[in-house]
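**Student:** Just passing along the structure, written as structure tokens.
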Amino acid sequence: MIRTDAKDGALVLFSGGQDSATCVAWALERYQTVETLGFDYGQRHRVELECREGVRDALKHRFPAWAGRLGDDHMIDLSVLGAISDTAMTRTIEIETTANGLPNTFVPGRNLLFMTIAAAIAYRRGLRVLVGGMCETDFSGYPDCRDDTMKALQVALNLGMDTRIVLETPLMWLDKAQTWQLAEQLGGDALVELIRVETHTCYVGERAELHDWGFGCGECPACKLRKRGYEAYLKGERVTEAPL
């Protein structure tokens with residue numbers, strides 16, 4: 001049984017994808033009040049934003065114990081981020097590795113901006129906990145997904161706002177198979193199926209074909225990782241190496 005911090009409310013960064021949907025469920029099991037926050041930054045796969053409402057509605061209707069805890073949703077226009085980012089996440093270009101070793105899907109400063117804005121909203125809403133789906137196990141090397149980055153950001157935000165906000169990253173040390181397993185632990189097969197069908201991960205925004213592991217093109221790094229993680233989860237295995 002996961003403990004509940006009744007006195008604390010949480011704001012979850014919720015994109016509409018697998019990881020953030022799992023984080024919403026994690027927070028709903030843990031906190032009495034959970035609000036969600038999404039960002040429209042001109043992402044190529046903005047279909048994920050269209051999935052958010054369906055996921056929230058499904059969580060309310062299929063999990064009665066969580067229905068009363070799921071609070072307001074916030075959507076922020078961050079089109080300026082897309083305007084200054086020449087990446088495969090915001091442009092229709094081929095996904096490849098750049099000279100610095102990072103994939104060109106990396107959007108510089110994205111998670112730093114996300115968490116800063118989230119902290120400002122949480123401060124205003126009286127919420128003490130921020131929850132993000134950052135992960136340093138199955139990831140593409142994004143520096144703003146690292147544990148050290150999140151810890152440093154927590155310090156900076158608390159100093160800058162003279163508060164005591166806590167940044168929670170429940171997926172930080174989980175691989176994708178373990179993320180699927182966490183969903184099962186939180187909400188059983190019903191939550192796994194909700195995440196499989198209702199969330200979106202594919203970088204190119206393909207949502208025409210439903211695979212065993214969910215919708216997607218099946219070829220981009222995000223789809224390959226989700227597919228491998230789901231297959232390993234079904235077999236009870238771990239996935240520790242992200243695909244190229």
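Each Cβ is built from the backbone N, Cα and C atoms, and glycine gets one as well.
Take a look at what Swiss-Prot says about it:
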{"type": "BINDING", "residues": "Phe14, Ser15, Gly16, Gly17, Gln18, Asp19, Ser20, Ala21, Thr22, Cys23, Val24", "note": "ATP binding site"}
{"type": "BINDING", "residues": "Cys202, Cys217, Cys220, Cys223", "note": "Zn(2+) binding site"}
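How buried are these features, and what lies next to them?
**Tutor:** Neighbour density for Gly16 (ATP binding site): within 10 A of its CB lie 24 other CB atoms from the protein chains shown. Gly16 (ATP binding site) falls outside any helix or strand according to DSSP and counts as coil.
Cys202 (Zn(2+) binding site) carries neither a helix nor a strand DSSP state and counts as coil. Cβ neighbour count for Cys202 (Zn(2+) binding site): 23 (other Cβ atoms within 10 Å of its Cβ, all protein chains included).
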**Student:** Identify which of the binding-site residues Val24, Cys217, Cys220, Cys223 has its Cβ surrounded by the largest number of other Cβ atoms within 10 Å, counting every protein chain shown.
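**Tutor:** Highest number of other Cβ atoms within 10 Å: Val24.
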**Student:** Relative to the Cβ of Gln18 (ATP binding site), which residues of the same chain, six or more apart in sequence, are found under 8 Å away?
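**Tutor:** Spatial neighbours, sequence-distant, of Gln18 (ATP binding site): Thr179, Ile195, Thr199, Thr201, Gly214, Arg226.
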**Student:** Please report the three-state DSSP label of Val24 (ATP binding site).
**Tutor:** helix
**Student:** Which whole-number value in Å describes the distance between the Cα atoms of Phe14 (ATP binding site) and Cys202 (Zn(2+) binding site)?
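**Tutor:** Rounded to the nearest whole number, the Cα-Cα distance is 15 Å.
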**Student:** Nearest of the binding-site residues to Cys217 (Zn(2+) binding site) by CA-CA distance, picking from Gly16, Ser20, Val24?
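**Tutor:** When the Cα distances are compared, Gly16 comes out closest.
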**Student:** Other than Phe14, Ser15, Gly16, Gly17, Gln18, Asp19, Ser20, Ala21, Thr22, Cys23, Val24 themselves, what residues in this chain have Cβ atoms within 8 Å of the centroid of the ATP site's Cβ atoms?
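**Tutor:** Neighbours found: Val12, Val55, Gly133, Thr199.
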